[in-house]
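*Asks:* Let me give you the structure first, and then I'll get to my questions.
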């Protein structure tokens, strides 16, 4: 049975997808690119460590635990969205005089990671939060960050790498309780191609997203490419909302050592070889997550353009 819980958020995402020619391309791994340019991100603050260094600001709980103020934390959240929007404006201005204008939408999505990402203890890849794993605790943890990011005016709120059903439920309730009017997406991660990393049913998790009118798209991120086909088919059983996928390179992350295990992933060419299949399966928003690069995203664009030139696909 396919869900029918449409709404303003879903309609907005569908308009963007249509404006993009039936698909949108998502960006790649930000932290991967920062590391490639010399940033040391082996820190509980993850890629936000770079923000601290260059702006002397912070983001909520993770930074407050290191002695930063709440005001500094909230300022950086706001600033992160502002910088992304400024970068978009610069890009559009630089390309305004070109013979080929930019027709597809360029969107800014504000990312909200899991409680486990704050803990930085590996639980972001297991969904096991122990005594902290209660609905009200998770809502209290995420509430202010969601409000500040929404007030900053991104195009989307990206709830990503969601490791368990309880956190998905917390997000859905917060969107309603805080009356967030910016479209959101829910993106889960899996390590077995059937369930999400906590062992919770992907179908049950996708159903939570489907029932929330504030959620405009549902999908998978930070998951090996070989699992994506089956996961898309599972999601399609319970929702008609647009499906997004942005897998990692297929490499394995060691949560205890906080490093990627070398030579366990697929090559860039192999990664991109999956793209046409994902599109046929029904994915409308496609990109990359950890260990993917700008070259990966360029290759995704080329593949999608080639597919478009040969005729419409079921995901269009």
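Glycine is no exception: its Cβ is also placed from the backbone N, Cα and C atoms.
Quick paste from TrEMBL:
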- 222, 289, 290: Zn(2+) binding site (BINDING)
- 1-304: domain 'Hcy-binding' (DOMAIN)
*Asks:* Would you mind listing, in sequence order, the residues at least six apart from residue 222 (Zn(2+) binding site) in the same chain with a Cβ closer than 8 Å to its Cβ?
*Replies:* 160, 161, 189, 246, 247, 248, 289, 290
*Asks:* In the structure shown, with every protein chain counted, which of the binding-site residues 289, 290 has the densest set of Cβ atoms within 10 angstroms of its Cβ?
*Replies:* 289
*Asks:* For the domain 'Hcy-binding' (1-304), what is the mean per-residue pLDDT, to the nearest integer?
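*Replies:* In the predicted model, the domain 'Hcy-binding' (1-304) has a mean pLDDT of 85.
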